[in-house]
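*Asks:* Let me give you the structure first, and then I'll get to my questions.
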């Protein structure tokens, strides 16, 4: 250690010299690429390096860049580019329309989008300002001086008071607490509400008072700013001593100080270089499948446009004739009409401009608005998805995917925390080959019930202890009775292992009743609670000591406090799947306690324990099949000499700057061997409320549910049974790596050989299963199929050569269970189905290990309100309970899908209808491209006269009520089949558009040929076109009412309003003249029209005739080819869906048991690392938003902002 | 913070805390909007609805059809195509040369009144295959110039008939330039029938679009003469022929009002028309027709509306009948669960 310290001093001094020397030469040398050097309390020395300031800016624009950048963003949309092009075209003389026709709608759309952007950015700016201006105290001339955050610089010594937020990433120097520790809350970073301990280096403990602190002149060498929250390597050089730094000394911006009066620290990273800000990046945004199909539709429309223009161009070049002298082609030679080819060429573009309205410019904006309201108003505020116990409403974190929820066919679900409660209760244990604990799990009960057995409720012995995390009763162990068991020593070791080998923090009073354990996972808390109930009460932890109040150890009834010195903690991680503690007993005995996954422990056992091992394995399998989570415990006595030599290696590894993790793992491997097996523990993991029902509903909806879990195969299968995913009527294919062939190969130990054997085995099993599956599919009433596969086999099955087989097999199965899978495999399975089968997938999970899967699927759902928030942060929707999937998918998803389909179809229809009337007219103008409508009519058609009703449709359309949607889950299949967005549907709408445009155009033009009033007057072009336009606006708006399944008063208001808006506009527009050279074509036209009877006769006839076609179609369709939803509507046509609100009130009343679980759920909880299969994810965001009542921080800057903003109003007076 | 509140809630677990929890509750507030329970009418197109809608439509449409058909039947219309006949037989091989040549192009036509025509009788000319709605044609005008002498020079849109030697043409543009110039003189039993050429334009055009201080200038002074010339001493607002012509037609076949006869014509009357066949439709093989027509309250002869109303009403009636029969013959029970797709083929995927 000493040597390494010297080495780094050398390197550091050389570092120090280089910049200072170059500075004197007037050059500023850039920092060495891998390290940054910070001189504490010395602004001048830090000056040359020019660290970034501490002010943050999360705005996208500033005053100058707003317009160019904002416009650029807008024009990244292809539709806007298209309209920009059209607008440019319409400035040229070939355009039949004035530029306003295309510029007006485009600017309207751009304006709306830009205002939205500006508003959002303004809010961000205000937040930034308030953050940057909050104050922090820094050390200046031996005094604490408050300055705003933005003036903070790297190297400053700052003082942070209790409950305040850290303004930057700070190196922790000293604290008012003894032992130089402080507590931080990281809820804003990772959503974990338990307190974390940070510990200052012993060397810096004294720098607390301002006078003393100003003497501190240290030099920090540390890594360059990066986004890894949980790592930090560096050295602190104080008085030529080099001290290794670890994440333990780093206080991250965004966290807050708790239970500590104040701390003093040195600023290391500032502003945008802090870890939290470095992490602030946008999750890749997902686009819904429907939207991608919409693109195809748009392309098709574009092709239609080109065809129409080609027809017109060819027509024009044929028809145009110089003999039409009245066109003035003889007078002056005209570039546009030089020859037939030129005529066709220019006419093409003329027509493109004329027909540009076929592409619905406001479609995207409208859809965005609809989806935004859907997610913020409907999904986020649905009382049916509000979980009262955890006080968590549903939260749509993106509004892009609402309609995707209506088409999900595959659900990938995590097990723990999602299907099960992650409410861990110590249930059974096995010690030295004897199994203890006499409870019956719910799953066992379920299995028994399915097998038709009666389950006897075992009488609990009176006084059985039941508390959170402990549901164990066995008189053989309780109250010291273990002393009489065959292996009392092993029992003692087990209890000690439970009480010592963990990373739990006790909080509150040091009495067994009042203590609260802050644990990294509920399993750990359950285990420590178990130890407490067995008489080994862990009540206090200091950085070096663990205090346990042991009962009945030496003799019955004797209670003694024992202090164990914790020498090393070999921490849990996903590769190790175990955790060890080296401790020194008061009598000097050195023991290593280890707990971990069974296979990891069994590999490391000392020889000669085969009997116990075998029995324990049996017990483990039993526990597993009862749905219990198991851990193996082992210990080992250490020889002081071997320990010392090992410890040296350990310390070296610990202070390594590079690959510290890996080195630590290697060192741990050295000592964690030749263990003595104590036994195993079993923890019950309860099913979430309503899971079996929900799964049944979803499978009736045609959704296939796959469970992907890190748990053992037995546990997974049993959970699947308990959830109704698998039952005995199903044919099960089990592909497991636990076959004899594979075991034999494993015993031989050759890696290559093992791989080959497993691959062969998997291949043959897959082939065989697939054959059987296909066979049973061909038989008429073949059983449903289920596939169970474990992670090891999955590795090989996901191999490109076998992937297809796996896919076709699994697609034939109604349920699939993958167990022992890693997070990566979860993601692979999701993307296998997503990409391979092209089906719409949904992943739901609660933990960090589900993040990759959540991101890989089309829709990611996080379970919120319970655990850490990584999953929620990565998700697109967050719900509190698995069972809310029913509401989210069957109600919101289905409706959204239906609505968006209808909106898109309607947009398509209304623009096509409009443009087609123009097209028909073109045939009668010699294909000249004369516009039919006035410029303003055409430009406002989309953005005013037909804009609102379709939005109302997109918000309020309901085919059947929410309760019926859930009662008839099969209705959901229409979404899976994509019934409402097929080319067939498009064709129906297109023919409707053709029909209506023909009716509007032909009826008006043919009837308006002669005199139109009693004084023999004749209509001109603009009278006719205004007539057509009026009919069109009425017909198109009324179509909304015809296609709605549920007509609210908003429908009436907007439809009536749109028609009225047209009339009002016409009155005003036709009534004014301007001095500008405006085409006053339509001047007075509407008044002329309305002075004739003809107008009213046509107005009644044309819209009704044009709607009649659709009416007949709908009537016939409903009569002969009814959709399912239509039948359901008919079944329940006399029911009203009122009084739903009352139900809700009743549902939210808490029963005593619910109240208890509410209280429990309010307990602090941390990220689960359930038995070896929870992985720390590098992707992190936080879920503090729920605390503020602000949901879904969609953007990264929100994370950073809230991370820094959260404060406690109550504490404010205290500070002053 | 949350750990503190959490521990306290665990400790007290109940009464006092629950109110605090409620205050903090993120439970969404109930509103009909957010719960998507807005009162709504849920129309179901049941056979009853379909049939009664059809019936209602037919009940309204058939009478309207009858009314408008009657109105149209009242109108008496005499149409006479003269473009071909008014070219002397020898010139028919090259009509364009004839029409462009000089000389008197008078032509006599005889019309027979088949039914009594009550005054006012409207005289129209009808042109066919004349693209008055051509893009180049429609835009070749200057509305501001027509309205006010102030804007005399706003002729940019009028190309190629914008100016003569730098002097703006008033009224400029192709539309005015190609003004129709056939004239009709009607007589009955050698008595001349007065054709009133006042009041043939829409009042709004006369009053608002054509200025009473705007006088024709440089009109038809270019190399080519398109049509009629205008009296430079009469303001545009009084040149009703021009006003009518400038209200460009919607389709290439169109009628324009020429004048009114304010005398009744009796059945069997013979009308002699002496017309000057000046207007060149021969270049583009357009037809010219003379039309005499009375009007009803609904306008001129217009069977289309009546027929359309009657047809649609009839179709609706027929559909109502057909649906009723279908309903009686092969009824589909409303809300029959056996129609549900999952009941039709159980277990189907």
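Glycine too: its Cβ is placed from the backbone N, Cα and C atoms.
Where the annotation comes from TrEMBL, it is an automatic prediction and has not been curated.
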*Asks:* For the ATP site that TrEMBL assigns to A:414, A:415, A:416, A:572, A:595, A:629, A:709, A:710, A:711, A:820, A:826, A:849, A:850, which of the candidates A:368, A:524, A:772 is also assigned?
*Replies:* A:524
*Asks:* For which of the residue intervals A:961-982, A:983-1004, A:1115-1136 does TrEMBL record transmembrane segment?
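*Replies:* That would be A:983-1004, per the transmembrane segment entry in TrEMBL.
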*Asks:* If I go by TrEMBL, the feature transmembrane segment sits on one of A:273-296, A:297-320, A:369-392. Which?
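*Replies:* Among A:273-296, A:297-320, A:369-392, the range TrEMBL annotates as transmembrane segment is A:297-320.
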*Asks:* Ranges A:1050-1069, A:1150-1169, A:1170-1189: which does TrEMBL label transmembrane segment?
*Replies:* A:1050-1069
*Asks:* With TrEMBL as the source, which of A:1-21, A:22-42 is set down as region 'Disordered'?
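*Replies:* When A:1-21, A:22-42 are checked in TrEMBL, region 'Disordered' belongs to A:1-21.
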*Asks:* Restricting to CB pairs under 8 Å, which listed stretch, A:340-365, A:936-956, A:983-1004, A:1081-1108, is in contact most with the transmembrane segment (A:297-320)?
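*Replies:* Looking only at A:340-365, A:936-956, A:983-1004, A:1081-1108, the most contacts with the transmembrane segment (A:297-320) come from A:340-365.
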*Asks:* Determine, to the nearest whole angstrom, how far the Cα atom of residue A:416 (ATP binding site) is from the Cα atom of residue A:846 (Mg(2+) binding site).
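*Replies:* The Cα atom of residue A:416 (ATP binding site) is 8 Å away from the Cα atom of residue A:846 (Mg(2+) binding site).
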*Asks:* Between residue A:629 (ATP binding site) and residue A:414 (active site, 4-aspartylphosphate intermediate), what C-alpha distance do you get in Å?
*Replies:* 15
*Asks:* Which listed stretch (A:340-365, A:1019-1038, A:1050-1069) has the most C-beta pairs under 8 A with the transmembrane segment (A:1081-1108)?
*Replies:* A:1019-1038
*Asks:* Looking only at C-alpha atoms, tell me how far residue A:849 (ATP binding site) is from residue A:414 (active site, 4-aspartylphosphate intermediate), rounded to the nearest Å.
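*Replies:* It is 9 Å, counting Cα to Cα.
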*Asks:* Count the CB pairs under 8 A between the transmembrane segment (A:983-1004) and each of A:340-365, A:903-921, A:1019-1038, A:1050-1069, then give me the winner.
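*Replies:* Selected stretch: A:903-921, with the most Cβ pairs under 8 Å.
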*Asks:* Would you kindly check A:340-365, A:936-956, A:1019-1038 and say which stretch has the most C-beta pairs under 8 angstroms to the transmembrane segment (A:1050-1069)?
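*Replies:* Most Cβ pairs under 8 Å with the transmembrane segment (A:1050-1069) come from A:936-956.
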*Asks:* Give the number of CB atoms, excluding that of residue A:710 (ATP binding site) itself, located within 10 Å of its CB.
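*Replies:* Residue A:710 (ATP binding site) is surrounded by 29 other Cβ atoms within 10 Å.
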*Asks:* Under 8 Å Cβ-Cβ from residue A:414 (active site, 4-aspartylphosphate intermediate), six or more apart in the same chain: what's there?
*Replies:* A:707, A:708, A:709, A:826, A:844, A:845, A:846, A:847, A:849, A:850, A:853
*Asks:* Three states by DSSP: which one describes residue A:850 (Mg(2+) binding site)?
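*Replies:* Its secondary structure by DSSP: helix.
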